[in-house]
Amino acid sequence: MQLLLIHSDFIEFEAKKPTKFAEEVPEEARSGRLDEALCAFIAVEKFDEDDPDAVVAQAAGEIEEVAKRVKAERIMLYPYAHLSSALSSPETAVRVLRDLESTLKSSFEVARAPFGWYKSFTIRCKGHPLSELSRSIRIGEGEVVSQALKSEAKAVSHWRIMKKGGEMVPPEEFDFRGHERLEKFVRYEIEKSRAVDRIPPHVELMRRLELVDYEPGSDPGNMRYYPKGRLVKSLLESYVTDRALEMGAMEVETPVMYDMDHPTLKKYLDRFPARQYAIEADKKHLFLRFAACFGQFLMGHDMTFSYRSLPLRMFELTRYSFRREQRGELVGLRRLRAFTMPDMHTFCGDMSSAMEEFRKQYEASISVLRDAGLDLKDYEVAIRFTKDFYENNKTFIEGLVDIVDKPVLIEMWDERFFYFVLKFEFNFVDALDKASALSTVQIDVENAERYDIGYVDAEGNRQRPIILHCSPSGAIERLMYALLEKQAMIAANGGLPMLPTWLSPTQVRIIPVAERHHARAMEVAEQLNFRVDVDDRDETVGKKIRDAGREWVPYVAVVGDEELSTGLLTVTVRSESTSNQKIKMSVEELRARLQSETAGRPWRRLPLPVRLSERPKFV
């Protein structure tokens, strides 16, 4: 089912002419008007025929939640086939609409426009941030769905914007001028619509740059990585791993699949909001991991450690983790079914220690994203917590907002539905106004008990630790998506897109003017000892320079007769120049710039042949 929910000053309709699918309705039901109403435009879909009752229950819950949030006491149900291209049978649609009307009438004044009629309608939308929302109702796809995911769908959220200093206001009362990206993020979060309606710009870029592509021979959401893409991904993996180890984590490795009937794991599955891949093997029901929690917690159960080891951190870069995301939500690198997740868990002695570690990991995540190429202005912050936690720790929450020095989205629950009491995410909002979570940390108050994890305190007594879940960058693939989308927006505004020099597959391209300059070009490549290639193709210099620009090469150096005689290179620096502005520099000066821009970052060799004439084309 697809829902478009509009909070209106009024909505009125008149049924003009029946189609061959029109339901029979009395004359007085062929027109109607509601003032101060929430209008639900509805398309009942083919998928809904599998379980109409479940669809009605979930749709009623969504409509009721929005109606309460906007304080609407009247609801208009309006059949609107244009919301979907996969409509149900007319019989199912009428049944669902009637049952939905009956369900909502217990709490609201409800009117319903008849199904299958040509109708005219007039509506005046109120125009506040919550006045236009959409919902997609999906009841299963054959995957294993956790109890927590079902709870998440029912959880009632209290949304606020927290300003620096701690003031909280409802989104509809916040002045978003100067915070337009935050406004888009707020709408995306409240609407909860993850379906893909347009292809984001990074999909064209990841293919044109020969980084990543779809793999038609696999399940949707599983990608192939070309040499350049594998290089970028590998560098990010190494960097995030290095940062986790610098934080004091011990690197471990755990299995990718687990027994679904394991008593402890079964309980945890029902507390984690995710859809799992389920497989059968040797009469066992197995599932593929969606994080490193399972293996690290089982390892923690078997460990012996004391308060002297706290905070104790374990880290794994899971290649891969798996989530059976809904097919309509999969696109490019934004949302995948197989992904690489840096996953660190920290055992803390008490809540005070956990909160201090949370703050440190919050700040470390800001640093990780900054070094990868995303500044605070490039993403929005969401902080989510239970009401009890907030009441007891207001100053701490306000301090998190002060660190980022900008308004953040707050989601508060009256009760705890999940295993955590506090979490944050840094969310990237792309050119299509879709948001994706990157870095995150959660304070877990359940799983030490569930997995029987304990440490020995100073008095020799066994205690349960508080556990932090931390991904300093979020999934590596999603970080690549955010970097590409950021550059797409820069290009759309007239800028020159490029990856940071340390992530660029080719850091320097040498362009010989003629064949007699090839030897010097190769010599320069060897002297620089970075990721340097040589465009030895039989093309004009102008064409070679344009191609280097299309590949986002940070430094392009031309070698001709003048360069042979002076020993200097004519270099275009992409970050500060145009093709009409050249800089003369020596090999040593160029190498010094490269060293400065890549200091403290991982390094990999050029992933392709040095000579462009020897390279295969992947796309």
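Each residue, glycine too, has its Cβ placed from N, Cα and C.
In Swiss-Prot this protein carries:
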type: REGION; residues: 1-143; note: region 'Editing domain'
type: REGION; residues: 201-500; note: region 'Catalytic'
type: BINDING; residues: C293, H345, H469; note: Zn(2+) binding site
On the 0 to 100 scale, where does the mean pLDDT of the region 'Editing domain' (1-143) fall?
90
Where among the binding-site residues H345, H469 do you find the Cβ with the fewest other Cβ atoms within 10 Å?
H469
Using DSSP, what's the helix, strand and coil tally for the region 'Editing domain' (1-143)?
46 helix, 56 strand, 41 coil
How many other Cβ atoms are found within 10 Å of the Cβ atom of C293 (Zn(2+) binding site), counting all protein chains shown?
23
Neighbours of the Zn(2+) site C293, H345, H469: Cβ within 8 Å of the Cβ centroid, same chain, sequence order.
A291, A292, Q296, F297, D343, M344, Q442, D444, N447, I467, L468, C470
Can you tell me whether DSSP puts H345 (Zn(2+) binding site) in helix, strand or coil?
strand
